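Input: a single structure, listed below in structure tokens.
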Amino acid sequence: SLSAGLDLPGRFLFATLTLMTLIAILVFIEEALYIYRKIPSSKRSIIIWINAAAPVISTTSCIGMWIPRSTMFTDFTAGIFFSIVIHKFLMMMIKECGGQKMLLRRFENGRFTISTGPCCCCCPCLPRVPITRQTLFWLKLGTFQFAVFRPVLVFLSIVLWTNGNYVLYNLSPKGPALWISCFIGALTLFALWAVGIMFRKVRILLKCKNIIPKFALYQFIVILNHLQTTIINILATQKIIPCAPPLSSTARGSYIAQQLLIMEMFLITVISRVVYRRKYHDLEPPECAAEEPGDKKQTP
């Protein structure tokens, strides 16, 4: 068994990380009960979904740490869950503005700045897009497509894997892993771009709702769960992370990524509890709200 092959420091590390995962789950359950009691029903499920991201990733990483053969399934599960959370975060920003109709009233003559990361941050010459029902639809579609297509691509990957055609670390052009990974990467960038466009517009209005720390926590989860794990896996496949028998380089890289994620998601779970637990006042009606610079009504 795995525990039999561990020395004393290894067993202590595994026990500590498992305990951190259990604490993160308990903190989330307590927070979910608080949200269920105190938050209006229109926002309740969205905020619980967003708060669940860190403990779910921590749990899947812990399972992958104890059962190495399940790594592919645990990574896919965490990826599917977080693709839904990205859409939920965009919807939360719209809800915090009072809903779609209220948002359109608040920014009646406003414009979205689309020259933002991660897709177009180097293109400041792009035009600003009017805030209309149609542009809001495209932003919501940008995150919704990721929540739909990511599970479909994951299902396709598992089907190919069971048939022996999909090898997770085989990134040759002839294999499906490279093309599926590139397609998922493109969908991810479009989803993150939609969230970034919306956040850039509402961050001043929702400053009283602590939207900046909430967005920072969401960004940390994106970076740690995707970028950090990808970098570690690349280092492992290139043998930069050396093997340590009985673990190969890729297995050792997977262990390092999972252990880091457990610690990081534990911290994010605790910080999220502080950020989302505060009581916020509702925004003033659009007629009383201060207009943003550059968004004042213009004569036709």
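Including glycine, each Cβ sits where the backbone N, Cα and C put it.
Under the heading transmembrane segment, TrEMBL lists 12-34 (among others). Residues of the same chain lying 6 or more positions beyond the ends of the transmembrane segment (12-34) and with a Cβ under 8 Å from any Cβ of it are 3, 6, 48, 51-52, 54-55, 58-59, 61-62, 65-66, 259, 262-263, 265-266, 269-270, 272-273, 276-277.
Residues annotated as transmembrane segment in TrEMBL: 46-67 (among others). If one looks beyond the transmembrane segment (46-67) by at least 6 residues along the same chain, the residues whose Cβ comes under 8 Å of a Cβ in the stretch are 2, 14, 17-18, 20-21, 24-25, 27-28, 31-32, 35-36, 39, 74-75, 77-78, 81-82, 84-85, 88-89, 91-92, 95, 214, 218, 221, 225, 254-255, 257-259, 261-262, 265-266, 268-269, 272-273, 276.
Taken from TrEMBL, the feature transmembrane segment covers 73-94 (among others). Listed as Cβ neighbours of the transmembrane segment (73-94) (distance under 8 Å, sequence separation of 6 or more from its ends, same chain) are residues 43, 46-47, 49-50, 52-53, 56-57, 60-61, 63-64, 100, 103, 136, 139-140, 143-144, 146-147, 150-151, 154, 157-158, 184, 188, 191-192, 194-195, 198-199, 202, 206, 211, 215, 218, 221-222, 225, 229.
When Cβ-Cβ distances below 8 Å are used as the criterion, the transmembrane segment (137-161) is approached by residues 72-73, 76, 79-80, 83-84, 86-87, 89-91, 94, 112, 167-168, 176-177, 180, 183-184, 187-188, 190-191, 193-195, 197-198 of the same chain, each at least six residues removed from its ends. Summarising the annotation, TrEMBL assigns transmembrane segment to 137-161 (among others).
Residues or ranges marked as transmembrane segment by TrEMBL: 176-195 (among others).
Annotation source TrEMBL lists transmembrane segment at 215-236 (among others).
As annotated by TrEMBL, transmembrane segment applies to 256-276 (among others). Within the chain carrying the transmembrane segment (256-276), a Cβ under 8 angstroms from the stretch's Cβ atoms is held by residues 13, 17, 20-21, 23-24, 27-28, 30-31, 35, 47, 50-51, 54-55, 57-58, 61-62, 64-65, 71, 210, 213-214, 217, 220-221, 224-225, 228-229, 232-233, 241, all 6 or more beyond its ends.
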